[in-house]
Amino acid sequence: MSTRELQDLARDVAAKAGELVRSRRREGVSVAATKSSPEDIVTAADRESERLIRGLLLDARPHDSILGEEGGSTSGTSGVTWVVDPIDGTVNYLYGLADYAVSIGVVEGEADPVSWEPLAGAVYAPELDVMYSAARGEGALKGTASIRVNSPVDPGLALVGTGFGYDPERRTRQANVVMGLIAEVRDIRRMGSAAVDLCRVADGQLDGFFEVGLNPWDMAAGALIAREAGARVGGLRGEAATASMTLLAEPGLFAFLEARLEGLNADRILR
Ligand code: IPD
């Protein structure tokens, strides 16, 4: 399968799962379980969505591996891994806010952002009815239209997105990083779905984004979509984007944010 065909498969499966979770939300949402903390929730729709996604992917590509946020990993023999978030932005989903998405990335190698080679991905936000997607080397799309990151912007006029993990102690350190940065940019947004935020950088609705503590399923699709739209994607101190730092922006703004975030030791939050 070409990367374009993988992109099509990711889009098709994300659309079906998105329709499912949107219709389930109309019926009412309740918390099925909590994970790392009481705030870190799973709904029945997360689980149902992931079951649907796994079934559809394995029907199409039975020898691939899958890592999903709710179902863990299953190993195949093809060397290709699907990295799946069945609902990214679950708290928004619970509260009836529009920013949540199904995120499906596909990579060569294991589900490790340091070593994987992204092949394709799709992020479908059903309430916004927007499908972002990309294939390696083929550019990024919103629906069927090409998208690009914003042109270089004065950092003082940059709108920057961020997010917070669920660990209470870490959240305080994350908030301190926001305090250190907010006076130097136009403003900071915390909208609640990292997958959508990464696509917003691709689409020019944000100038940049950073977060410490992202999981592979939060970023597998969105980071490729942003990269294909012209964003630089990485961590601090020349490292790859990992749980320690996922930073993306047009290259000039990336350099500014990298320097400021290094000064604030933002990638040390996890340590
Ligand atoms: C979360 C969202 C949020 C980000 C968190 C993620 P979930 O994913 O993407 O925006 O700040 O780090 O864990 O829990 O809603 O799938």
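Every residue, even glycine, has its Cβ placed from backbone N, Cα and C.
It should be emphasised that the depicted structure is a prediction, and the values quoted were computed from it without experimental measurement.
What TrEMBL says about this one:
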type: BINDING; residues: GLU69, ASP85, ILE87, ASP88, ASP218; note: Mg(2+) binding site
Beyond the site residues GLU69, ASP85, ILE87, ASP88, ASP218: chain residues whose C-beta lies within 8 Å of the centroid, for Mg(2+): VAL84, PRO86, GLY89, THR90, ALA101, VAL102, SER103, SER193, ALA194, ALA195, ASN215, TRP217
Least buried by Cβ count (within 10 Å) of the binding-site residues ASP85, ASP88, ASP218: ASP218
Secondary-structure category, per DSSP, in which GLU69 (Mg(2+) binding site) falls: coil
DSSP state at ASP88 (Mg(2+) binding site), helix/strand/coil: strand
Cβ-Cβ neighbours of ILE87 (Mg(2+) binding site) (radius 10 Å): 32
